[in-house]
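Here is the structure we will look at.
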């Protein structure tokens, strides 16, 4: 049996290619209620639905920002929310040329018999959920698998379980019209060097693409959301050019050219750091059969959140900060970012959270 060739085939290919358009990327605004609560706590804002809606409206309705955004990942609550004037967020995004996406996983659980390694849950009723989300206007989905680097981690068991879980999710999405974003995140936590991260990334990505092929996933109708290849959070930092070289080499060795785009997660890097690293990859003269873009959450929102601080009078200032980050990352997808963006408060600070849960 060959790759998926059902009724959504052409639509999946078209939407995946569109999301990967050079000059554009993904805004990850799919934080769970608990996670956004932690972000709000940092600016002393109460975690209630109206504040969550107000912050997301601030982002989605920033004039000029969505020209740099091809897709927005939403949380279940946000997919059905409206602006204060009563316009559904899904319509706001579509009219601005950004495809709505949806987070479909249900978080991680520990794998028995391992050293606190995890697998991701959410396969039960996933087909039904995807059909419902497609009906509501979503056109792509996200599922996050999490692996750790340690003395004996990741184990082969954790690698295989997560690869199979991602592949099973991916084919269910495609059968229901959603482009699956395949996200095997290798956490940055630890003292490991960049070579160890590169090795683990290669092993994990190879396992993922083996599983995707076994599940007959249409690669042209998927996107990959990996971590950049970097030293661990407790190791000495390296230059963006080094990260670019290691990351692109890792992808060359593992990601088939049928995949239209690779959209990096920021993994707790500062806003500016994530942009500079992405820019260095796109400046690198090397074989890159896929476009290299972004799917940033914290790295697009941090300075915006700080500027807003939950106050209506700060909305314009916050939108200006958001526009700066969107434009900078758009330039980074083209390798033309000069590092000259006006840095808002928080743009240079590390956003790393140990054992990060989305």
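Just so it is clear, glycine is given a Cβ too, placed from its N, Cα and C backbone atoms.
In the three-state DSSP classification, residue 183 (active site, proton acceptor) falls within a strand. All protein chains shown were included, and the count of other CB atoms within 10 Å of the CB of residue 183 (active site, proton acceptor) stands at 26. Among the features that Swiss-Prot reports, active site, proton acceptor is placed at 183.
Following the DSSP three-state reduction, the secondary structure of residue 225 (active site, schiff-base intermediate with dihydroxyacetone-P) is coil. Taking all protein chains in view, 23 other C-beta atoms sit within 10 angstroms of the C-beta of residue 225 (active site, schiff-base intermediate with dihydroxyacetone-P). According to Swiss-Prot, the active site, schiff-base intermediate with dihydroxyacetone-P annotation covers 225.
With a 10 A radius on its CB, residue 268 (substrate binding site) counts 20 other CB atoms from all the protein chains. Marked as substrate binding site by Swiss-Prot: 39, 266, 267, 268, 298.
In the three-state DSSP classification, residue 298 (substrate binding site) falls within a helix. Here the binding-site residues are 39, 266, 298; the one with the fewest Cβ atoms within 10 Å of its Cβ is 39. For the recorded positions 39, 183, 267, 268, 298, a Cα to Cα distance of within 10 angstroms from residue 225 (active site, schiff-base intermediate with dihydroxyacetone-P) holds for 183. Here residue 183 (active site, proton acceptor) is positioned 12 angstrom away from residue 267 (substrate binding site), judged by their C-alpha atoms.
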